């Protein structure tokens, strides 16, 4: 077989493989949206779930997902920012830094179920926080920290050194240079990174089933005092999120319309993540335009 | 008399210097916190995972080679039946099969994206794969339950739950990850490699096969190992389609289980500190060690690739 024929065969095969993969991926997306979107209605998005009868919604789960996301981001973001600043601006190239980077790598490759079990052991049992939003948020923080740290560090290291030199030459301290010049310049890509990692946190379930729990007690949406047990803002209540809900009703659900509800919930999850993706790109680009002169 | 005061004033650290020290300290504490968290996870899971062997005197060799998993029952030798081989086998089988299945598709798609049709790659394939990397694993599990399990049932008989369904779900789940990482590896091959090869008269396929794939091998291997690590650690998507029977898999369609599936279903039904609970933590320890091993392999590949 001469080289030209084999080239043609190979390229044709590659076309076929790419086509198959696109078909698999698109039919996956299509299946989720086709089956799920018709289920979505205002009632479905706001009504509480029903355990034994059809017609329940995902209101509480949806609220829990967002609340947990915001809470874990509030814990996670300052830590990740601090760590990224130290790694990128202060850390020297030595074995301690190498070790620390290694530890972050390890944390990012840990299976999320292991992170969840650790959260269960330490926060739910030893610290007595119980199945609660707080335990879940801390577990999600562990899950999200390495990735967020790395994204922020990448954003910081993308800022040219001339900016740092400029700051130092003006007599600013290193810290002032970082907080007044480098971080503001990196804001667009930091925000993109934060939103993208929010999408990942939003769909996480394995780290939550033993930390935030698998039940969604009724909430009183008129009561916004975080110390009341039925208040949506109470961080000590158990909170099943949307992703956990899908898993839960499929493994032990007894409601007659479990299939429809999971389809709808899957579609809501996927649409939310699509929105996160678009928002990340859009806001990142917008901010970049506004904050830079280009 | 004013000299002393002046001296003190002059030698006192400035406001900026104090701020600098404080800032450095705060950012270092954040970093230290991450390191403490990692150490704590490894320490606690190891301690809990060893409890079954140290406190409950489960035999380590029996644990890794025993085929019967029923920790609440004592076996013929007076030891609890805590043989984890079925789960370990299940985990390895789904991991290896899904990686074997995903690798050719991922490499093919990545080559198509980068080498053959960069325009369409950038317009269609890249956004789709990037989006699918972010799809939650429960959604993959749910689709597996709705589509893969019934299909496997009609085609191959049995209940449809088992290694095959788990493999297929994981295949689709890791495909976007491995594809986009492979594409990154291909993208980092310098342009002049391609130009040199084509200038020597090589066809496009010869260039891809003999030059680009060779040059990108460390990156591609990293992508595959990364995909395997994801398969091995995936819990819910697998748990939903594997059948959850702690038995040695007799065929690809017999209900079985993985380390993660037993952990997710079992942890809630056992009492903290009991033998039944401790052996579950031993499974978690196996999972942790495997994840460390995958990490090590990725580092070794990186080092080898960098030396060239």
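Each Cβ is built from the backbone N, Cα and C atoms, and glycine gets one as well.
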Range annotated as transmembrane segment - as stated in TrEMBL, picked from A:12-34, A:35-57: A:12-34
Residues of the parent chain within Cβ reach of the transmembrane segment (A:260-280), under 8 Å, 6 or more residues beyond its termini: 29, 32-33, 35-37, 39-40, 44-45, 49, 56, 58, 61-62, 191-193, 195-196, 198-199, 202-203, 242-243, 245-246, 249-250
Candidate ranges A:12-34, A:117-143, A:181-202 - greatest C-beta contact count to the transmembrane segment (A:66-87) (under 8 angstroms): A:117-143
Cβ contacts under 8 Å made by the transmembrane segment (A:12-34) with residues that lie 6+ beyond its boundaries: 263, 266-267, 270-271
Cβ-Cβ under 8 Å with the transmembrane segment (A:181-202): same-chain residues at least 6 beyond its ends: 65, 68-69, 72-73, 77, 81, 85, 89, 140, 143-144, 147-148, 151-152, 154-156, 158-159, 163-164, 166-167, 172, 243, 269, 272-273, 276-277, 279-281, 283-285, 287-288, 291
